[in-house]
Amino acid sequence: MYKSVSETRHPLQSEEQEVGIDPLFSYSNKTRGDLSQNGRGSNSTLDTEGTFNSYMKEWEELFVNNNYLATVRQKGINGQLRSSRFRSICWKLFLCVLPQDKSQWISKIKELRAWYSSIKEIHITNPRKAAGQQDLMINNPLSQDEGSLWNKFFQDKELRSMIEQDVKRTFPEMQFFQQENVRKILTDVLFCYARENEQLLYKQGMHELLAPIIFTLHCDHQAFLHASESAQPSEEMKTLLNPEYLEHDAYAMFSQLMETAEPWFSTFEHDGQKGKETLMAPIPFARPQDLGPTVAIVTKVNQIQDHLLKKHDIELYMHLNRLEIAPQIYGLRWVRLLFGREFPLQDLLVVWDALFADSLNLSLVDYVFTAMLLYIRDALISSNYQTCLGLLMHYPIIGDIHSLILKALFLRDPKRNPRPATYQFHPNLDYYKARGADLMNKSRTNARGAPLNIHKVSNSLINFGRKLISPASAPGSMGGPVPGNNSSSSFSAAIPTRTSTEAPRHHLLQQQQQQQHQQQQQQQPQQQQQQHQQQQQQQRLMKSESMPVQLNKGQSSKTISSSPSIESLPGGREFTGSPPPSATKKDSFFSNIARSRSHSKTMGRKESEEELEAQISFLQGQLNDLDAMCKYCAKVMDMHLVNIQDVVLQENLEKEDQILVSLAGLKQIKDILKGSLRFNQSQLEAGENEQITIADDHYCSSGQDQGSQVPRAAKQASSEMPGCTGGTTPDDFILVSKEDEGHRARGAFSGQAQPLLTLRSTSGKSRAPACSPLLFSDPLMGPASASASSSNPSSSPDDDSSKESGFTIVSPLDI
């Protein structure tokens with residue numbers, strides 16, 4: 001028997017010191033201690049009561065109101081179920097395991113649990129127990145009859161062994177999934193589902209969909225047991241959160257989830273193109289994934305990349321297509337496992353909260369897929385094939401997983417969801433490049449060949465060809481035609497048959513011709529073998545190199561010939577001295593070395609060009625972002641400036657002129673952001689100017705000579721014009737651009753920025769437009785444009801006749 005707490009006290013221990021309580025004592029036996037122990041027990045009771053109160057408060061906030069389901073869904077989308085102790089119940093509501101009517105919860109959950117018990121009893125059987133009730137001719141271990149329990153038992157054993165093999169690899173970093181009872185639950189649920197769905201059976205990856213469900217149920221059960229230690233929970237809680245039915249509830253939730261995910265695991269092919277005409281007229285330049293029958297998951301990931309990604313980021317879409325990274329490489333795992341391997345388990349549960357809360361058909365998966373690509377888009381665009389593959393197959397850790405959900409919601413419906421904060425990702429690209437290289441090396445092991453082996457094979461083929469040709473050229477003293485191939489038949493036929501009396505005179509010529517024929521017959525197979533060798537090498541390079549940049553550049557190399565051309569020489573003529581066979585061997589040997597060196601140089605050049613292209617793509621992406629930002633800022637500024645100008649003109653203000661002048665300056669900034677005005681870089685170098693001023697020749701795109709003539713012409717015109725005071729400064733007048741000539745006819749302030757009707761000086765006086773000293777000289781129109789501009793002083797650079805819209809790149813020589 002266990003001794004009391006007072007009897008187990010150490011003799012040297014003081015009475016005021018706290019004493020540990022034996023955990024095997026019941027709550028009633030704990031009250032038998034001394035006063036200090038009673039005080040400690042009361043404190044623990046208060047703590048447990050506080051825990052139960054917070055537990056009940058969370059239950060009431062989630063489920064005790066009329067519109068509770070909408071509240072729970074919103075919390076799931078907003079990521080507020082991360083620390084919830086009722087996440088499993090929320091998932092049951094999202095997956096329609098529990099009805100919306102709370103009065104039917106208990107009856108529905110009991111029905112589902114009884115359903116799983118019957119399924120388990122049917123499919124998980126022991127043939128030894130039913131041996132006495134069956135015919136032994138059919139029911140025996142050696143029977144192959146379909147109705148034999150032993151035959152079914154061995155088939156089930158094979159299926160269970162395949163499931164157990166995957167279950168052992170489920171979340172190996174977590175101790176929870178290494179427990180035998182948890183593994184048994186995983187195996188039984190997956191086995192029962194496979195037997196209930198014979199058309200699908202079990203597919204690899206299903207265990208990673210079931211594991212988070214079991215983990216969530218286990219956490220909620222532990223929280224329930226902890227909260228029920230201090231108080232008595234309701235019968236509804238006891239029924240829904242009973243730990244004895246963890247396996248039953250997991251099967252019900254997993255079955256509902258697979259109602260949507262079943263097509264993603266199905267291997268049945270569906271051919272969208274049927275009919276005889278499709279076979280006769282195939283699609284030209286179609287990708288391999290677009291031809292022939294495909295499974296549903298392949299169609300889904302192709303649509304995500306070809307439509308969603310192309311819509312939201314055309315640059316990233318083109319980059320992945322240029323690298324030939326098909327979405328099946330990484331997308332199959334992303335979608336099938338609901339991103340189970342891309343995030344840590346706690347972050348994964350938050351993602352599943354949003355996916356389940358959004359809709360039962362999991363339509364948010366497509367946009368989470370796209371948001372994940374956009375999160376690492378800068379790293380992908382600036383990387384080559386290996387690094388991109390490493391990033392996609394080993395997705396980096398995200399600091400705030402909820403920002404990814406907000407991005408996905410914004411991509412789907414930007415009107416209802418605000419734009420999330422811009423997040424930057426700066427990974428260690430060397431790490432992902434190494435991971436991508438490992439993946440590529442595994443796939444290239446059988447495809448890559450050594451260059452030395454290629455040369456050895458080609459040389460052996462050449463020597464073998466020479467042995468076959470050498471017997472044909474042996475009879476050199478005969479006067480008949482020398483047998484040869486088709487290319488030399490015309491040449492041999494041109495030699496007439498000589499008599500024995502003419503033999504001494506033509507003996508030397510015949511020997512020379514026979515040597516030439518032999519050399520020609522030896523060199524022609526050598527050229528053919530070298531060309532065949534280069535073609536094989538290019539094919540191996542095309543198989544081994546996955547980047548299309550390398551393919552396009554590798555095919556432009558020219559064929560190198562190691563021997564002089566003989567096909568162009570006419571038959572019957574005396575040839576110049578051809579190289580002997582030994583020289584030909586040396587030339588072929590050194591040409592092979594030269595080809596290997598040129599190949600290494602070509603590969604080095606390709607790598608440098610790839611890096612340059614990656615940098616150009618990255619810079620082009622930044623330029624596109626800046627361009628979009630400037631246009632957006634110009635659009636918003638235009639809208640607000642029009643509103644401010646309308647209000648100012650309607651009110652009689654004391655300093656109205658100064659406000660209008662400031663508005664004109666802001667319109668100049670708007671035009672610079674929009675690209676209507678050229679921005680001179682020298683304005684920043686001249687000093688810290690408080691105001692952006694535009695010179696008279698600001699809109700001239702010609703050289704410095706023409707630009708220097710415009711201010712002088714402006715000064716002369718201003719001095720000759722009557723009624724204009726000579727004490728004005730360039731700051732007295734602000735040139736306001738107008739958007740379009742047709743805006744005057746539509747009336748003032750019709751939704752876009754309009755020019756001011758008068759040019760106002762800083763002194764507050766209004767001046768007539770004829771007194772403006774600002775003249776516009778078009779260098780393309782000649783001097784006449786200077787005088788013509790005086791009649792239309794309000795012309796602005798926004799007119800299409802004088803400039804082009806958008807940004808222009810100004811070289812330092814033009815400034």
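In case you wondered, yes, glycine gets a Cβ from its N, Cα and C as well.
Matching 70-74, 380-384, 420-424, 805-809 against Swiss-Prot, the residues noted as motif 'LIR 2' span 805-809. As stated in Swiss-Prot, the feature region 'Required for interaction with retromer' covers range 56-64 out of the listed 56-64, 407-415, 425-433, 623-631. Considering SER578, SER796, the record held by Swiss-Prot lists SER578, annotated as phosphoserine.
Of the candidates ARG444, ARG448, ARG595, ARG678, Swiss-Prot records asymmetric dimethylarginine for ARG448; the remaining residues carry no such annotation there, which does not rule it out for them. SER568 is the residue among SER83, SER143, SER234, SER568 that Swiss-Prot describes as phosphoserine. Checked against Swiss-Prot, the residues SER561, SER608, SER763, SER791 yield a single entry marked phosphoserine: SER608. Residue density at ARG169 (site 'Arginine finger'): 11 other Cβ atoms are found within 10 A of its Cβ, drawing on all protein chains shown. SER608 (phosphoserine) and ARG169 (site 'Arginine finger') are 42 Å apart (CA-CA, integer value).
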